[in-house]
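These notes concern the structure reproduced below.
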Amino acid sequence: MNVLVIGAGGREHALAYKLNQSNLVKQVFAIPGNEAMTPIAEVHTEISESDHQAILDFAKRQNVDWVVIGPEQPLIDGLADILRANGFKVFGPNKQAAQIEGSKLFAKKIMEKYNIPTADYKEVERKKDALTYIENCELPVVVKKDGLAAGKGVIIADTIEAARSAIEIMYGDEEEGTVVFETFLEGEEFSLMTFVNGDLAVPFDCIAQDHKRAFDHDEGPNTGGMGAYCPVPHISDDVLKLTNETIAQPIAKAMLNEGYQFFGVLYIGAILTKNGPKVIEFNARFGDPEAQVLLSRMESDLMQHIIDLDEGKRTEFKWKNESIVGVMLASKGYPDAYEKGHKVSGFDLNENYFVSGLKKQGDTFVTSGGRVILAIGKGDNVQDAQRDAYEKVSQIQSDHLFYRHDIANKALQLK
C-alpha cells in the first residue's frame, strides 16, 4: 500500500523510516518532509502541510491508501476531516477530537468532569485578572497559554516576579485571552503513547522520558524537547498499569462519551507524584523526540498496528531488547531567536540520526530550524545507549549547534 506522512520534522522522519520497513507498505511519501528523508520516502517539500487542497489532490493522484499525520497544527486545522470526507484512511484525530491538545482548558475541563487525576487549575480570561490571581496564589505556579505553542507555552514561576513576567510573555500587548494556572506537581515525568480508537485504548508497554528544558540540569526555558530515552528503568510496570487504568482508559471513554471520536495516538504527558500518576498534558499525536526513540526500539510493524487499531483489535506491540537514547542538537539561541543557514555535516542518513531542521543547499545540509538533528544511541542498557548517543553527537560537525550533556542521566542516578 501507499502511505503518505504529513510533517517535516524528526518525528516524521522516524515515522517514514518505520513505515518504510513494513512489508505492507510499498511506497512512503512525505509532505513536505525534509531532504534527509529521501533514502526512505518520496519527499515533496514543494507542498506545504497547511495546503489541505494540494495534499488531497496529491493523495488522489498517487492512490494513497493511508495518511499518517505527524504534527499537531494540521490536526487542529482539520486536515484529517477533509481527507476522511474524501474517502482516505487517516491515522490522526479529527479537528474536534484534536482539541484535547489544541486547548489546555478543554483538556482540563474534561479531566475535571471525569475525575482523571491532574493538577488543580484556575482559568482566567483577562490580563488584569491574571495579575490579580498571582498576588495570592501558591508558588511555584505553572502558567499555561491556551492553544498551541510548540511545547513552549508553559512557564513554571518560582517567584511572584517570575509569575508577572510569565503573564507579560503570555499576553504581550493583548488584554484578553485564556491563560490556565496550575498547581505545581512534584515527581518524575514520563510520556506514554496510547493508540486510541473511540473507547478502545491500547497503551505502549514501553514509556519514554523527555527532557523539556533547554540546558543541563533541567535549567533554562521550556523547549519542544532536547532529548529522550526508553525504556525508563526507574518507572515500574505497576506505574504503567496504573496510568493505563486511571488515565488512558478513562480519557478514551470520556472523549467518546462527550461525542469526540478520537482515532490516532494520544500522548499522555504524566508525572508520578506521591499520590500516583497525574496528567500534565495531552497531545493528539506522537511526541517529538519520544517518537524517534520509541519507534527505534519498536520491533513490530507500525503499519500493522495502525490497521489493527482501525479494525478495533487490541494490537500487541513488540520491542527490541535494548535501550535507546536520543540527543537533540539545536541551533544556538533556541528556543529564542536563532540564525539559520549554517552548514552541518558528519552524520549519515540511516537509523543513527533523525533530522528536524536541516535543508539541502547544493550538496550540503544547512540549518533551517531551532531543533536540528537527533542523534540515536543504542545499547544493552541505558548507560551503553547514552555512551553510543554521545559518540554519534561527537561526529556532527557544526559551530552553530548546542546540546544537553545529561540526557538519560536520571535513569543512571536512580538505578
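Cβ from N, Cα, C; glycine included.
The structure displayed is predicted, hence computed values, not measured ones.
What Swiss-Prot says about this one:
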{"type": "DOMAIN", "residues": "108-311", "note": "domain 'ATP-grasp'"}
{"type": "BINDING", "residues": "134-191", "note": "ATP binding site"}
{"type": "BINDING", "residues": "E281, N283", "note": "Mg(2+) binding site"}
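Features per Swiss-Prot, on structure.
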{"residue": "I134", "record": "ATP binding site", "contacts (Cβ under 8 Å, 6+ apart)": "V141, A157, I160, A163, R164, I167, F181"}
{"residue": "V142", "record": "ATP binding site", "contacts (Cβ under 8 Å, 6+ apart)": "A119, V154, I155, I156, A157, F181, E182, T183, F184"}
{"residue": "D158", "record": "ATP binding site", "contacts (Cβ under 8 Å, 6+ apart)": "L139, P140"}
{"residue": "A166", "record": "ATP binding site", "contacts (Cβ under 8 Å, 6+ apart)": "V143, I155, A157"}
{"residue": "E174", "record": "ATP binding site", "contacts (Cβ under 8 Å, 6+ apart)": "K127"}
{"residue": "F190", "record": "ATP binding site", "contacts (Cβ under 8 Å, 6+ apart)": "I207, A208, Q209, V232, I235, V239, A270, I271, L272"}
{"residue": "E281", "record": "Mg(2+) binding site", "contacts (Cβ under 8 Å, 6+ apart)": "E101, K104, A107, Y267, G269"}
{"residue": "N283", "record": "Mg(2+) binding site", "contacts (Cβ under 8 Å, 6+ apart)": "E72, E101, L266, Y267, G269"}
Just to be sure I understand the packing, how many Cβ atoms besides its own are within 10 Å of the Cβ of E182 (ATP binding site)?
19
Over the domain 'ATP-grasp' (108-311), what is the model's mean pLDDT?
94
According to DSSP, D158 (ATP binding site) sits in coil
